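Now, the feature entries from Swiss-Prot:
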type: BINDING; residues: ARG129, ARG169, GLY175, GLY176, GLU208, VAL210, GLU215, GLY241, ILE242, HIS243, GLN285, GLU299; note: ATP 1 binding site
type: BINDING; residues: GLN285, GLU299; note: Mg(2+) 1 binding site
type: BINDING; residues: GLN285, GLU299; note: Mn(2+) 1 binding site
type: BINDING; residues: GLU299, ASN301; note: Mn(2+) 2 binding site
type: BINDING; residues: GLU299, ASN301; note: Mg(2+) 2 binding site
type: BINDING; residues: ARG702, LYS741, LEU743, GLU748, GLY773, VAL774, HIS775, SER776, GLN816, GLU828; note: ATP 2 binding site
type: BINDING; residues: GLN816, GLU828; note: Mn(2+) 3 binding site
type: BINDING; residues: GLN816, GLU828; note: Mg(2+) 3 binding site
type: BINDING; residues: GLU828, ASN830; note: Mg(2+) 4 binding site
type: BINDING; residues: GLU828, ASN830; note: Mn(2+) 4 binding site
type: DOMAIN; residues: 133-328; note: domain 'ATP-grasp 1'
type: DOMAIN; residues: 666-857; note: domain 'ATP-grasp 2'
type: DOMAIN; residues: 945-1099; note: domain 'MGS-like'
type: REGION; residues: 1-402; note: region 'Carboxyphosphate synthetic domain'
Amino acid sequence: MPKREDIKRILVIGSGPITIGQAAEFDYSGTQALKALKSAGYEVIIVNSNSATIMTDPEFSDAVYIEPLTVEFLEKIIEKERPDALLPTLGGQTALNLAVELAERGILDKYGVQLIGAKLESIKKAEDRELFKETMEKAGLEVLRSRLVNNLADALETAREFGYPVIIRPSFTLGGTGGGIAFNEEELRDIVTKGLIESPVHTVLIEESVLGWKEYELEVVRDGAGNFIVVCSIENLDPMGIHTGDSITVAPAQTLTDVEYQRMRDAAYKVIDAIGIETGGSNIQFALDPETGRMVVIEMNPRVSRSSALASKATGYPIAKVAALLAVGFTLDEIPNYITGKTMAAFEPSIDYVVVKIPRFQLEKFPGADPRLNTQMKSVGEVMAIGRTFKEALGKALRSLELDAAPKLDLEHIREHLANPTPERISYVFAAFRNGMDVEEVHELTKIDRWFLREMKACIELEEELKLKKFDVEILKKAKQWGYSDREIAEIWGVSEKEIRKMREDNRIFPVYKMVDTCAAEFEAQTPYYYSTYNGVENEAVPSDREKIMILGSGPNRIGQGIEFDYTNVHGVWSFQEEGYETIMVNSNPETVSTDYDTSDRLYFEPLTVEDVLEIVRNEKPKGVVVAFGGQTPLKIAKYLVEERVNIIGTSFESIEIAEDREKFAKLLKQIGLKCPPFGTASSVEEALRVAENLGYPVLVRPSYVLGGRAMAIVDTPQELEMYVKEAAVVSPGYPVLIDKFLEDAIELDVDVVSDGKYVWIAGLMEQIEEAGVHSGDSACVLPPVSLSEKLVEEIEETVYKLVKALKVVGVANIQLAVKDEEIYIIEANPRASRTVPFVSKAIGIPVARIAAKIMVGRNLPELLSEYFPYPTRPGVKVDKLGESEILPTPWPKMFSVKEVVIPFHKFPGTDVLLGPEMRSTGEVMGIGEDFAEAFAKAQIAAGNPLPTTGAILATVADKDKREAVPLLAHLADMGFEIYATRGTAKALQSHGVEVKVVPKVGEGRPDVIDLLEQGKISLVVITQSSDEPALVAVSHGKEPFKVEGRRTVGYMIRTTALKRKIPYLTTVESLRAAVAAIRKMKKGSIVKVRRLTDTWKM
């Protein structure tokens, strides 16, 4: 069937901010689909609230909307753009839920929009647990015994009938949010109560437990003519009971017999058929009882998912692209296989290698959270590695995780840790074998298949052999074939990594590169996509004779280093291509656009370690390597690359070192006459106490060389300081801790700046909305700034100019400043792309990363900017021609843009929601408005914390904040809000003539503040931290397993209750001030105004 001619315009919904369970894979699949639809001749409209995405770049669609993903905003866009069809299968759970709501409210019918890619009843059959169960039973497929309940009593009754443990799954939630496993009645009460709140339809499914069964997934594709293929089988190394997003997975499945695989394949076809998926990709999960062979269908996703991104990268088969084309009427035998260029998409991929995916966790960011893995997803990113054998792929994947140090294991409790999996699970399996446990014993505790355990035990046996045969060439070869890195072998032999590298070179032990070609080398591949192996002879990655630039990616997503860096990398690749270079991408993250087969000229899917990068350099001999676009990951290895005489493109490594080393940096600032907050460094507790005494408390403590503020804190007392220094010493041994005077009540600014060595251009001047001391990655910010005088902006431009010239920046850099009493202080400078580059590019309409990349290969800045000139500048600044001054004019858009962050607190009940200098957000949204108030209000809606316009407010404000907070609360009372407050706050309000209802604090009588919140009477909580309330320490102190921090203050109880009840909360005076302005704006009239992104640049 050829493509459909009855539709011309297609609306695609993106997945919004990155959260746990919904990450960069949707930008990758969305970008792929947009390219496919445009090339098939359709007009495409994209809506997404996340500016850090390639899919919201204007060149991929006919109209881009960066607006909140709510039905109200979508209806406005549909009314304005009049699409013929809506494709909801590319934006994860978010887009599916919105499509269902748009259909059920009659909005799609009203504007004549048809759903393509998945029918409404199919989405419901797949997503509604009860309907899914009925549908499967009708099709003759076995599912787990389960019952849907909407209250606690029925849940308890069901659990008694099924017997504990039972699994609880809330309906229509993402990444298992609100679910869990209950082993007894007490746990059931707790999980069901939470689950009923989390589920948008307030129902949960109680399901019989299949803990310990094996879990498999099939990625399948079907077209309108009934053709059906399995793209990839994926086996979860971890058994059922751990969310598949938190499991180590292997493709293709290793322990299925052929008979079992055929049975599963047939079942998958029946599932798709019964649900009614006529076109597109789906992911189907099965559980298999290894004892009896009983197989049940667990669930299916009628959309592109995290697993389909993995399957695409593992096989080279672009599921999202194919699914988009199937949705508009093509069939599989009409779509080419883009990798071979010769076969069709109807061919099932076959692969002659093994792929391992391992999740990346960051539970240390959420003290008090339960580290045990269960059906609720907790990981923030993942890595993928390819090898010829399972051992080789596993070894490569483990080193791709970039875990700086081996996890501290609690060897006395190995058995307990094997039975209760945590993120360190795999380390405990290896530790068990090192301590003499056998495969049977470990299998009993973990239920990991014996085949995998035997493979892992063999690795430990090899380590023993290595110890016995030091410097033996044959054993070195074997270790390399089994996936061991030079560094690991060096540790076993007690020598340096360099010595092992030399030994390999002397004996000509090098990896060869093999191709990912979808067809096990049966046809010639057109798009070069490679992995390394020591299990091969022929090198398939034959370099061309073109000039090459190699770009290092940012590895697995994590807090502090997310999709924003991938965005910059991809823009870099395109720019270098436009300048005539061949581009080589190196990365290990399967979720990203950078690892798409058609982004760069050559893709190496490899770990970002010194060893792996040097081997690729040896093979490709690039003109230079780019380390400035991938966040901290490439910077960490830059030093070693320079030692091996690899050319670094852009800002020199010397400048990077000066900026990272506080002593050198302070010296440089002094030379050029700029200020930084007074500071000292300390290598011991005594020294730290001395330094802090001299500076005066509060002080900011942090280790050197770190991203995302790991182990950083604001400290008010010597006792707290002592605790922290002990902690930070663990983070970077051999590097001293830095202690800064903390500037209270300063305005913090974030500057993204570009320079070609002569000219300096501030691309984005952003003002942080949260007070100084909140990590800039966790603070909302606004562009252009709202509280700077003209004189101050000029001084900032001068300051930045001096610093950028002194650091000899070539390309892009990020500078953080604080302004206190009209004085400018430099907090830090990073001579690399920062996480705000995509936001700035979208706010000003100029692609910052692309310009920076071109400068790195010698282009001139004014000439590159002239393409976008004239752009809006500050009122009163007139510029006729670029380049008259070395300071180029700072863009000053007419529209205001607010970046707001999304923090996954609800995934970690037990963690306090106060913000501090340690970064904890996973993603971001952007709100655009005519003034700051509108932009802030839209950003709050987009981040899922919509501000109320009516109702009651609960206020409890610290003494130091009362002077500023009281008039703001009085404003809210004038706007008709009822105000409830605790004693001290109520007194301050009453003295200003504000009517208040006094509420007792916890322990002062009932009903107290917590009761009030639990009754659902409150629509907004304002609570700022008082100085007598210590912040929860942001790190866990290697306690016995599963113990929770003991400091539970009243403030903590209020904040966590608000979070649990989904009541919006404000924890700083700054955010309260912004919220008051936004609420006033919302009361005056609708803020549901939508504008094309490109129109916001023309205002």
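The backbone N, Cα and C atoms fix where each Cβ goes, glycine too.
Features per Swiss-Prot, on structure.
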| residue | record | Cβ neighbours (10 Å) |
| --- | --- | --- |
| ARG129 | ATP 1 binding site | 21 |
| GLU208 | ATP 1 binding site | 18 |
| GLU215 | ATP 1 binding site | 23 |
| ILE242 | ATP 1 binding site | 25 |
| GLN285 | ATP 1 binding site | 19 |
| GLU299 | Mg(2+) 1 binding site | 19 |
| LEU743 | ATP 2 binding site | 22 |
| GLN816 | ATP 2 binding site | 19 |
| GLU828 | Mn(2+) 3 binding site | 15 |
| ASN830 | Mg(2+) 4 binding site | 19 |
- Query: Where ILE242 (ATP 1 binding site) and ASN301 (Mn(2+) 2 binding site) are concerned, what is their Cα separation in Å, rounded?
  - Reply: 17
- Only counting partners 6 or more residues apart, tell me which same-chain residues put their Cβ under 8 Å from the Cβ of ASN301 (Mn(2+) 2 binding site). ALA126, SER282, ASN283
- Cα-nearest neighbour of LEU743 (ATP 2 binding site) within the listed binding-site residues, GLN285, GLU299, ASN830: ASN830
- Message: Suppose we draw a 10 Å sphere around the Cβ of ARG702 (ATP 2 binding site). How many other Cβ atoms does it contain, all chains included?
- Response: 21
- Write down the Cα-Cα distance for GLN816 (ATP 2 binding site) and GLU828 (Mn(2+) 3 binding site), rounded and given in Å. 5
- Return the member of GLU215, GLN285, ASN830 nearest to GLN816 (ATP 2 binding site) in space, with distance defined Cα to Cα and candidates limited to these binding-site residues. ASN830
- Task: Go through the binding-site residues GLU215, GLN285, ARG702 and tell me which ones have a CA within 10 A of the CA of GLU299 (Mg(2+) 1 binding site).
- Result: GLN285
- Item | Separation of alpha carbons, GLN285 (ATP 1 binding site) and ASN830 (Mg(2+) 4 binding site) (Å) | 44
- Taking every residue in the domain 'MGS-like' (945-1099), what is their average pLDDT? 80
- Item | Pairwise CA distance, ARG702 (ATP 2 binding site) versus GLU215 (ATP 1 binding site), rounded so that it is a whole Å | 42
- Item | Mapped DSSP class for ILE242 (ATP 1 binding site), helix or strand or coil | coil
- Looking only at DSSP and grouping its letters into three states, which state does ARG129 (ATP 1 binding site) belong to? helix
